[in-house]
Amino acid sequence: MTNPLYKKHVISISDLTRPDMELVVATAQRLKAEPDTRLLKDKLVASCFFEASTRTRLSFETAVQRLGGNIIGFADGGNTSAKKGETLADSIKIIGSYTDAVVMRHPKEGAARLASEFSRVPVINGGDGSNQHPTQTLLDLFSIHETQGKLDGLNVAFVGDLKYGRTVHSLAQALSLFNCRFFFISPEALAMPDYICEELEEKGIQFSVHETMEEVMPELDILYMTRVQKERFDETEYKHMAAKFVLEVATLEGAKPTMKILHPLPRVDEIDVAVDKTPHAYYFQQAENGVYARQALLALVLNETV
């Protein structure tokens, strides 16, 4: 079978088709069940993190090494020639000449797309500002499939910061290809952006806006939590808004036994720690799944057949 992801840049989730996503999920399932330490043998991957990261950077590095590859790079753009004024384009040209692929996180929206225009090797976006985070979406899709046995026709709620949360933008776009039904629950000031809602309307995808989790809880298959970002509000306004979007054990009353809670992490106060002990909590397993999803993507991008 032809591998459509071979040597492909992965900058936005919209760069991937539904079959591409299904291929990554299936490959992640296989690698989780049957580890393969040879898929990146003799491959060298650059890990270029111009912005702070814990899970994304470490899971990519783990993924490369578990597949038998090698990784070089940096975790702080302040320690690179960017501090001397070197352009991103020049940096990526050089880094791409050393390696077989570049994984990059950058605080500026559009930086990953720019990097792909100057790189002779595939660029994988590890997050660019509040724009896109496609590999988070792939691990989210893998986690949803792991818990629900499918991706099609699910009821999915997004809670918290839907305006600036790049993970919810990417995931909503991806799941729209699987005819899911969406429930958006957020402060009015942090509502899902118009462009996402317009895309969903054009595709005929059902979605609705709600003030509380409780009113839709019995319908949900997936509850996707995000944090309300404190830095975007004054103290009084933040406390009022954040308190409305805290998930507690009592909030889960009436939930389907199979409903799972996801969160891109880090968690602050939006999920009470008591929820961790419920059968609905899946966010720590979700983070672990990041290794398998990123293994799958790297293997597909760097091998003609997998």
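Placed from the backbone N, Cα and C atoms, the Cβ positions cover glycine too.
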Same-site carbamoyl phosphate binder from R18, R105, R181, given that Swiss-Prot records R55, T56, H133, Q136, L265, P266: R105
Spatial neighbours of R166 (L-aspartate binding site), counting only the binding-site residues R55, R105, H133, P266 and Cα distances within 10 Å: H133
Least surrounded among the binding-site residues, given as R105, H133, R166, when other CB atoms within 10 Å are counted: R166
Structural state of R105 (carbamoyl phosphate binding site), classified by DSSP into three states: strand
Length of the line joining the Cα atoms of R105 (carbamoyl phosphate binding site) and R227 (L-aspartate binding site), in Å: 20
Fewest Cβ neighbours within 10 Å, where candidates are the binding-site residues Q136, R227: R227
